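Noted in Swiss-Prot for the protein shown:
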type: ACT_SITE; residues: H18; note: active site, proton acceptor
type: BINDING; residues: H18, A386; note: anthocyanidin binding site
type: ACT_SITE; residues: D111; note: active site, charge relay
type: BINDING; residues: A346, Q348, H363, W366, S368, E371, E387, Q388; note: UDP-alpha-D-glucose binding site
Amino acid sequence: MHITKPHAAMFSSPGMGHVIPVIELGKRLSANNGFHVTVFVLETDAASAQSKFLNSTGVDIVKLPSPDIYGLVDPDDHVVTKIGVIMRAAVPALRSKIAAMHQKPTALIVDLFGTDALCLAKEFNMLSYVFIPTNARFLGVSIYYPNLDKDIKEEHTVQRNPLAIPGCEPVRFEDTLDAYLVPDEPVYRDFVRHGLAYPKADGILVNTWEEMEPKSLKSLLNPKLLGRVARVPVYPIGPLCRPIQSSETDHPVLDWLNEQPNESVLYISFGSGGCLSAKQLTELAWGLEQSQQRFVWVVRPPVDGSCCSEYVSANGGGTEDNTPEYLPEGFVSRTSDRGFVVPSWAPQAEILSHRAVGGFLTHCGWSSTLESVVGGVPMIAWPLFAEQNMNAALLSDELGIAVRLDDPKEDISRWKIEALVRKVMTEKEGEAMRRKVKKLRDSAEMSLSIDGGGLAHESLCRVTKECQRFLERVVDLSRGA
């Protein structure tokens, strides 16, 4: 039995916002750390963008049939509950695929919603890791909150007091995870279940770095603070986001940006699954028009239900010719000299790295946040769901690289949007944020440095050594050593 390199099996939950970070981690393990990587993804009806992305990854992709969850969840269930049911139902198919592999994996890496598959690590004698594609703050809250007494939880969720987290900034009631506010709902049990499962792995990989989250990361690495709850090694491996491929990307928005002045364009996007209501969409359009600033706006159809209702089905691609119908009458023609409206999808990483882009109105999804930081672009924070409120607090209050809507769940006025756009794009506060985010961009490059021994590189080297030692023990045992 001659095996020269470890084999990582990776299991991603559905949604491009989850698939992309898992794939990028796999590519990094393969290219920089000598792993053979197999990524398991769920088949989806989403066609063009995800299929194109998966076909260009350079790692082995194995598609699992997407389970039929009809009758297992209610239509109104939270997206996290739906994802959890899907992932749990997919474990038997994953087990069968791993069992049929000629070279059994050395390690199983699941993402934040894949903890039901951790049992397979023991079954097939693999190391196990949880990959948190979001940040250290989310990880800290996730593992700490389930261990609190009921009275302490109610001080936060009922009395609305800030939640104290060891070594970290307190979490305001307004920024807490929505799931914690509904303890009788399945989504609450899902978050608690996952949070309790993370420390049961052999290690936790988190998509951040020291300068991005100094307090939260220091606490997780300190055995007297959050490290006491984590119990296993925490590996900061960020920033992990899709690399920029401008030379390979053909999209008319990039041609339009080439004609604009430096740092003059505001980019607006709410991710692959975030949607606004019709009223919010209208107010945003009027706010943009009144600001008189250049913009690129990725528009998705409005929804009147959950702001994350499109998440599981979002495919990150395609066009819809009737997109202007969602906007105020005459908006496109009135702003045609300074605006570019894109139906449904645009090459975000390439846009945020473009010299013409000077601001980003974002839902604060972590992948989008990292792409903005890597591009050196300050933000307007409009969080919608999940941990995005905590992300917005980090960006605006701790790092000073974003301005934030006061309460996006309340009515949003066009005048507030206009003021925030002007603040970021034309005023001194925006210039100060731009300087800060460019310093963070430089620290991100240092974290990824191979020659300079950056934190992300060193963390993955530690994981590699652990897997290599484990593989050697397995080989020795198979030889009867």
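Glycine is treated like the rest: Cβ placed from N, Cα and C.
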Going by C-alpha positions, which of the binding-site residues (Q348, H363, S368, A386) is nearest the residue listed as 'active site, charge relay'? A386
To the nearest whole angstrom, what is the C-alpha distance linking W366 (UDP-alpha-D-glucose binding site) and A386 (anthocyanidin binding site)? 11
Cα of E387 (UDP-alpha-D-glucose binding site) to Cα of H18 (active site, proton acceptor), in Å and rounded, measures 14
Just counting, how many other CB atoms are there within 10 A of the CB of D111 (active site, charge relay)? 24
Which number gives the other C-beta atoms within 10 angstroms of the C-beta of H18 (active site, proton acceptor), all protein chains shown included? 23
Among the binding-site residues A346, A386, whose Cβ has the fewest other Cβ atoms within 10 Å? A346
Around Q388 (UDP-alpha-D-glucose binding site), which residues of its chain at least 6 apart sit with Cβ under 8 Å of its Cβ? H363, C364, G365
How big is the UDP-alpha-D-glucose site in terms of the longest C-alpha to C-alpha distance among A346, Q348, H363, W366, S368, E371, E387, Q388, in angstrom? 23
Counting across all protein chains, other CB atoms within 10 angstroms of the CB of E387 (UDP-alpha-D-glucose binding site) number 24
Quick one: Cα separation, E371 (UDP-alpha-D-glucose binding site) versus H18 (active site, proton acceptor), in Å? 14
Including all protein chains shown, what's the count of other C-beta atoms within 10 A of the C-beta of Q348 (UDP-alpha-D-glucose binding site)? 24
Cα separation, Q348 (UDP-alpha-D-glucose binding site) to A386 (anthocyanidin binding site) (Å, whole number): 21
Write down the Cα-Cα distance for the residue listed as 'active site, proton acceptor' and A346 (UDP-alpha-D-glucose binding site), rounded and given in Å. 18
Cβ-Cβ under 8 Å from S368 (UDP-alpha-D-glucose binding site), same chain, 6 or more residues apart: which ones? S269, G271, Q348, F360, T362
For a quick check of packing: other C-beta atoms within 10 Å of the C-beta of H363 (UDP-alpha-D-glucose binding site), how many? 25
So how many other Cβ atoms are close to W366 (UDP-alpha-D-glucose binding site), meaning within 10 Å of its Cβ? 27
